[in-house]
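This report refers to the structure that appears directly beneath it.
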């Protein structure tokens, strides 16, 4: 096969993909519009609350919540971290980023945890879903932006959709892993007392798999944060906009400030979700 043959083959593949995506866009546009409305219905009110609420109110909620979780050090870290973001004049983009992260993570978890539960209970379904998860996890983040922009345009929605696909595999895998690691003796004990399959799942397996599931929740939120920053390239907004703007204008200082704000958010989200997991763990 000559170089010309390879070029023609590559062009044929690209044309076939274009035709397929055009068909989906033309015949299933209402589906994409429905998805957009759901996502905006979650993100816009959340962003409005976070950006319009007084800074002191959010600081108070986070600090008091950290104290109630039993960690004074976490409360101090949260207070200083959020104060740093405010002093750097990055409060509004940080809250916008947080709304994007929470929206994407909630949707990814609502879809991912049930899928993880199903593949843990069904070998056939596991055989089908596993290659899809492998594909999703090996897909470079930037590539996810291409179909998102094609089907949803430029803006908040495609950024969140790309983030959902990027963050979903981990909660699916960790939920399935936790359920599969439940000791058979525990299941047999439940069945011996007359528990049916659903009762065993909800009262035995899920509580025992709680730590693994919460690890998936934590990683899902962290992956969402990293992808939301990348998604700013297609107009998602937030701190990613500040970083991209500083790069285009060669403003190193502003870029470092925005980058540190992302780091602060990442640390706070990680510590808070971990502490919540420890606090509500039914097996602790």
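Using N, Cα and C of the backbone, Cβ positions are placed for all residues, glycine too.
From the options 74-91, 182-199, the stretch TrEMBL describes as transmembrane segment is 74-91. Nonlocal intrachain contacts for the transmembrane segment (74-91), taken as residues 6+ away from its ends with a CB within less than 8 angstroms of a stretch CB, comprise 55, 58-59, 62-64, 66-67, 239, 242, 257-258, 260-261, 264-265, 267-268, 271-272, 275. Same-chain residues lying 6 or more positions outside the transmembrane segment (141-169) and placing a CB less than 8 Å from one of its CB atoms are 21, 24-25, 32, 35-36, 39-40, 43, 100-101, 103-105, 107-108, 111-112, 133, 220-221, 223-224, 226-228, 230-237.
If you look at the transmembrane segment (20-40), the same-chain residues 6 or more away from its ends with a CB under 8 A from one of its CBs are 103, 107, 147, 150-152, 156-157, 160-161.
Counting same-chain residues at least six beyond the ends of the transmembrane segment (46-69), those with a Cβ under 8 angstroms from any Cβ of the stretch are 75, 77-79, 82-83, 86, 91-92, 95-96, 98-100, 102-103, 268, 272, 275-276, 279. The list of residues near the transmembrane segment (220-240) in space but at least 6 beyond its ends in sequence, with Cβ under 8 angstroms from a Cβ of it, reads 90, 93-94, 96-97, 100-101, 104-105, 108-109, 112, 141-142, 144-145, 148-149, 154-156, 158-160, 162-163, 166-168, 170-171, 258, 261-262, 265-266, 269-270, 273.
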